[in-house]
Every structure is written in C-alpha cells, then in structure tokens.
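J.: Per Swiss-Prot, region 'Disordered' is recorded for 1-30, 84-138, 663-689, 748-772. Feature annotation from Swiss-Prot assigns compositional bias 'Basic and acidic residues' to 103-112. The annotation compositional bias 'Acidic residues' is assigned in Swiss-Prot to 128-138, 663-673. The domain 'Helicase ATP-binding' annotation in Swiss-Prot covers 203-424. Look at Swiss-Prot and you will find ALA216, GLU217, THR218, GLY219, SER220, GLY221, LYS222, THR223 tagged as ATP binding site. According to Swiss-Prot, the motif 'DEAD box' annotation covers 344-347. Feature annotation from Swiss-Prot assigns domain 'Helicase C-terminal' to 473-618.
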Amino acid sequence: MAKIDKKTKLKLNKKSVRAPSKPTTEKKPKKYVTADTLTWKPVKTSSFSGIDGGGGMMMLEELEDVGIEWEETDGGRKIAKFVEVESKTSKGKKNAAQEEPNQEGRGDDEKASSASETEEGKKADDKEAVEEDDEEEFPDFAGFAEEDLNAADEEEHPNLDDEPAFNDDLLPEWSSISLHPSLKRSFLASSFTAPTAIQSRAIPAGITGRDVVGVAETGSGKTLAYSLPILHYLLGQRKSKAGIKRPLSALVLCPTRELALQVMDHLNALLKHALATPDGEKPQGPPRVSVGSVVGGLSAQKQKRILERGCDVIVATPGRLWDLIKADDELATSVRTLRFLVIDEADRMIENGHFAELESIVKLTQRSTAQQGPDDDDPVFQAMATLFEESTAREDMQTFVFSATLSKDLQKNLKRRSRSWKGKGKRSSTLEDLVEKLDFRDENPEVIDLSPEGGVVSSLRESMIESTKDDKDLYLYYFLLRYPGRSIVFVNSIDSIRRLLPLFTLLQLPVFPLHSHLQQKQRLKNLDRFKSNPKGILIATDVAARGLDIPQVDHVVHFNLPRTADAYIHRSGRTARAQNEGFALQLVSPDEKSVQRALMKSLERTHELPDLPIEAGFLPSLRERLRVATEIEKAQHRATKATHDKNWLLEAAEAMDIDIDPSMLDGEDDDPDAPYYKPKKQDRGKGKASVENLKMELKALLQEKLVARGVSIRYPTSGSKVIVDDLIKSTGHGMLLGASTSKAYDQVEKTGKRKLGSGRPGAVKKKKVEGR
C-alpha cells in the first residue's frame, strides 16, 4: 500500500470538504443621512481658542464611517450628500460570524494560525477601542449625542444636596459673598484671593435677583462681575433628566468675536477648577455647566448643532446670533425665556454696526409686544407672532449691562425709571436708546458707577511731548528705546500703520500691525506674537482699543490723538489693568493742540499734562538713523509701486483681451508721461546700488553706541557723567549709554503744574486787537 505523506493528505481533505456556496445577497439600498443626525467628534486643538499653532482654525469637528456623494443640480452646482457606511468594527464582527461554521473543516496547522491571527486581531481591536476612548475623552459637549449627554450627566454628577461646604477661612475676603462652594474652590485654585471693587458690589446684587448696570474702567474685572451670579444660579440647579434638552439660561452679548471668545475662555477656566474632582482631575463626561459661543467667522452649521444639543450659557455677537434666530423658531423661544441677559461693553456695542440686530434680540426679551415699533413690519417678526403668543417672557429675568462709560444723566434716569426723560429738548444718544429698550424686571436697577475721576484709573500716569508733525517719528523712536517694554502705539488711520511699520522694522524693533483690513488669522497671530514678546510694539488703530485683555502692557502711546473722550479712555485702558501701574503718552503737534485742549476739558481736567523729560543728547544720532531708514523705505516703496503698476497693466490687458505695445514695458525711453514709465537700465542699477549702500550705512549706524552728553567711552571714570559703576555692575541702560534706568511712570508727576490753556511759561502771548 502506498504511503501518503502529510501534505497530500491535507490536499485530499481540502478537496473532500466542499466549500459552502456563497449566499446570494442583494445589494442594500443606500441610506442617506443629514449632517445633524451624525455623531461629530471635536478635534483637539491647543489653548487660547485654537490660535496657538492652530493658525486661527477653531472649533473643528470630524466624522467617521460616512461616505460623501456629490449630486449635480440643474444650475451646475454640486451638493454633498452623506451616505451611511458600515463601520469597520461591525463589519469585522459580521465576517467573523460568517467564517465560524467553516472552522471545523480546517487542518490543525490552519487552526493554529487562525487562532494566532484572531488573537492579534483582538489585540488590535482592543487598541483601537482604547484610542477611540481617548478621542472621546470629553473636550467639548458638542461631540456627544443627546442621549449620551443626559445619561453621562446622570451618572457623573452627584446629588447637589451633598455638595461639601467651603471653609471661608481660606478666603476671608470672599466670606461676605455667599457664592456656591464650587466657585470658591475655583478661586482658591486660581489664587483669586479678593474681589475687585466692581465685583464686591455687583455680585451680591446679582445673586439676590437684582438688575445691575455697572460702570467701571477697563481691566476692573467686569467679566466675573456678571459671570459669577450666572454660574452661582446654574450650579444650584438640579441636573436635567435623561432625554431632556438643556434649556438656554444665559445669553452674553459682546461687540466683537475676540471679546466673545475671551469671555468664553474665562468662564471655562473658572468651571475647570470648580467642577474638578477632589484629586484635581477633570471629571469624565459632559460638563455640569456647558458654555458655547456663537460668533461670526466660524461654521454656522456647527453652531446650529451646539444649540440643538442644548447649552446653558451662550456667548455671542449680535450679527451671527440674529442670523440663526431668523432661521430657528426654537432658538427664538429660548431667547424669549432667558433667565439672564448680559450686554458687555455696551458703549462699544452701539458703535460696531450691529445696533439693529441687538435691538431685535432685545425686543424678544420684552414682556409686552403691544407697542408698535419700526421692526413690526419685518417678516421675521410677523412669522414669530404666533410663537410669542404661545411663549411668554420670564418675569424673573435679570439684565446686566456693563460699560466703561455711561452718562450721569442716564444713570439718574435709570434710578428714577422715568419714561418721560427723553423728550426734554435734548437729543438722546444711541446708548440711551438701547438702555431705554431694555425691559428691566427690577423697578430700580442697581446702578454701580466706579468710573474714576478724569476718566482713567489712579494707577495710570499721563504725559505728553509737544513736537512738530515731522518730528513725531523721532520722539516715538526715542521713547521706545529709552523706555523698553510692551507698548501699544495708537494711530488714526491704516495708512499711518503702513508707513510706520516698515520704518521701525528697518530700525530692528519688534513691531506688529493690527487693523481692520488684516485677515482674522493674521490679526490673531500678531496679537499672539505681541503677547509673547516682553518688548513687543503693537501699532494699531482703535480696533485694539476695547475689549481685548492683553496682560502686562507697560505703555500706551497716542501717536495721533483720538477725536472722542471715550476713545481716549479705552485706549489708555489697555495699560494699568488690574491695579497695575501704567503709562500713557500723547504726541501733540501744533495743529492738534486745540483737539487736546477740548479732549482734556471733556474729561473735566483743570491742568495740563506734565511734559516727559527728554535727554536731548541722544536725538542727533537717532535723527540720523531715521533719515537713512526713511530713504530706504521710500526707495523700496517706489520699487514696489512700479512692480504693482506693471502687474496691474498686464492683468487689465489680459482681462480686456488686448495686446500691449512692447515699448510700454521694455522701452528704453525715459518718458514720465508714458502709460507705463520705466527708467533706463543704468538708472535702475544705480537705484539698487543706492539702496544697498543705504542699508550698509544704516547697519553701521545701528551698531554704533548711543552715548549721552558728558559721557566718555574711552575714559568712563571722567566726564560730567561717570558710568564706570554701571559698566561694572551691568546696571546701566541697555540701549542708551549714560541714560538712567528709571521707568516712564516714575519720570512724571500725577498732575501737571500748569493750568489747562494757560500756555507755557515765557511764551509770548498775542495781544487782542480791538476793532474800531
């Protein structure tokens, strides 16, 4: 009998075992789904609202196991459709179930290899499951389905009655304010040991149900003054039951996107410590209090999903919020039944071009809509008429209005709650119109006026330098070198920024622009660079004057004087924040003297600002540096303009489908009247060589030491100023040899000695000639 080897036997066994026929499966129909029904996962980004390394990309979400098909419409446009795709995990389980009956027909070797593969696959599945768990570790409530949110909320948060009490001895300054214990634990973790003046007065009124109108300088803690009563109320409420959407409790309206994101960051930072577990870790699951933002520049689709899943506090800008309200009746109902309405930076809000949207949002919160208004013919309000009949505004809604400026007359009228004060012959301001439309539930709102005398805080020192218009660059350069630190230079036009920026860049100063024509991504990047540089210089228009909380700003320079007192207050308020010292400098040219005098009178000043002492010995060297840098900047500007003109001519010709005469581009004729004037080649060569020579000259000037008068570099122990001790101890000025290291704050007194409008001592006064 022939011997059969093992391999032949294995082949025979395989042939004898007939493979089962594949079941005939029909192709499943495609299942289309909408974007709102999908489970979106938030993409983890870095801190500060996603701008640290995120390039301005914020609040991104991603999808898995979803296909996309593009359907072309009659007009040629393509519409994306989401197709449900079977996930890899479920598909793998089905395949394993189908292959299970076939395991008996395999050989021993094949079974062993299959077992090892199954074990490896199991490990891989476990690894994927762990990675998915890590991805779904809760960074934002928007990444969870509504059922998961409510179920996790029931499991993670204990009964509120079991909340442990807080030992007030740890924070004695907060003992008089009966806030939720979790908030006080957050204060302790954040080293927030004492409330500010506005907080100590606004918070007790807010937690007792009063309406509050607060007036305080910038940087005084107004954000927490209205946020803490809201969080105190929300933390005192019981958690929502499973399957019930979170109701919108508070709406915070801000004038700009940057301020709205900043407020949301403050709230989340406070809640992070307040809701932390005893071991200091962040609790798993959705937050007890959810905070979201609705601002322009981000995906409206994502913001709709956030609102649909439910949110306790919404921080929004009026424009984007009103766009969403017009498309969503449920959101309009949520706004109508608010528990808290906050208007932050009210004076800025009415200047930002969103007064119409703000007025419409405020109208939703009014208890009575019987009065006729200019928006009654709006189809949006007509569509909401039946909705308003079904839902009524809350009687216990609290309104918080905070601003850096508010007229005294308006404050008095708010206290009296007199509705007849507008028709006294005096035209009301837009801010007064806004406050008049607010339906305060409190008959006598708590008006807290902590605005400082003279419009600025006591820790701010002001000074001025009187110079000609052409010498402003020189004195600005001197100030930035003499007093290094984080400084903001305010100008009145974008053209001034475009002129100063290349000039001071050539002088090797860390300057960054900020104005409204910059893209949002570039604005955030420049702000981030300015914050990270302790000697950074921000040249900005009034877009940076309000709302932005930039820490540790040492100086504010008014290169051009503002036209209003409010703008001056907000500009100067970028420094001396949170009881820190600050310095504000005015550069005043002769044609601005009348503007400055009117500005000071509107601030109720009686004395001129003190002059900043100038060490004139440094000015000649600085003037020479500026002269060379200005020539370089002008030459580069001419070259850039010539290239721009040429490119414009080529693009215009291409758009009109015409040919250009080559002589217009390549001609050697030196004809300034030609459509495109092109200098001769030798002249262009001379221009390039001249710029290179100027750059070498500027480099040499920048390497030279700037020495004060009376100082000898070769003989430091002699001369009228002895600097040998400063050189040995390295205590002298880093840029100006022989200059003192005192701060600008210490160089001037709080108030000047000359009365406002009295003129300088020794100046020749013009005699008034009487007419005949």
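Each residue's number is its place along the chain shown, starting with 1.
Every residue, even glycine, has its Cβ placed from backbone N, Cα and C.
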J.: Out of GLY219, GLY221, which of the binding-site residues has the smallest number of neighbouring Cβ atoms within 10 Å?
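T.: Fewest other Cβ atoms within 10 Å, among the binding-site residues GLY219, GLY221, is found for GLY221.
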J.: Which residue counts does DSSP give the domain 'Helicase C-terminal' (473-618) for helix, strand and coil?
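T.: Across the domain 'Helicase C-terminal' (473-618), DSSP assigns the residues as follows: 63 helix, 25 strand, 58 coil.
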J.: In the same chain, outside ALA216, GLU217, THR218, GLY219, SER220, GLY221, LYS222, THR223, whose C-beta lies within 8 angstroms of the Cβ mean position for the ATP site?
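T.: Filtered neighbour residues, in order: THR196, ILE198, ALA225, ALA404, ARG577.
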J.: What are the non-local neighbours of SER220 (ATP binding site), defined as same-chain residues 6+ apart in sequence with CB under 8 A from its CB?
T.: THR196, ALA197, ILE198, LEU450, ALA578
J.: Across the motif 'DEAD box' (344-347), what are the DSSP residue counts per state (helix, strand, coil)?
T.: 2 helix, 0 strand, 2 coil
J.: Give me the long-range Cβ neighbours of GLU217 (ATP binding site): same chain, 6+ apart, Cβ under 8 Å, in sequence order.
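T.: Long-range Cβ contacts: ALA404, LEU450, SER451, PRO452, VAL456, VAL457, ILE569, GLY573.
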J.: Is LYS222 (ATP binding site) helix, strand or coil when read with DSSP?
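T.: Once the DSSP labels are grouped into three classes, LYS222 (ATP binding site) ends up as helix.
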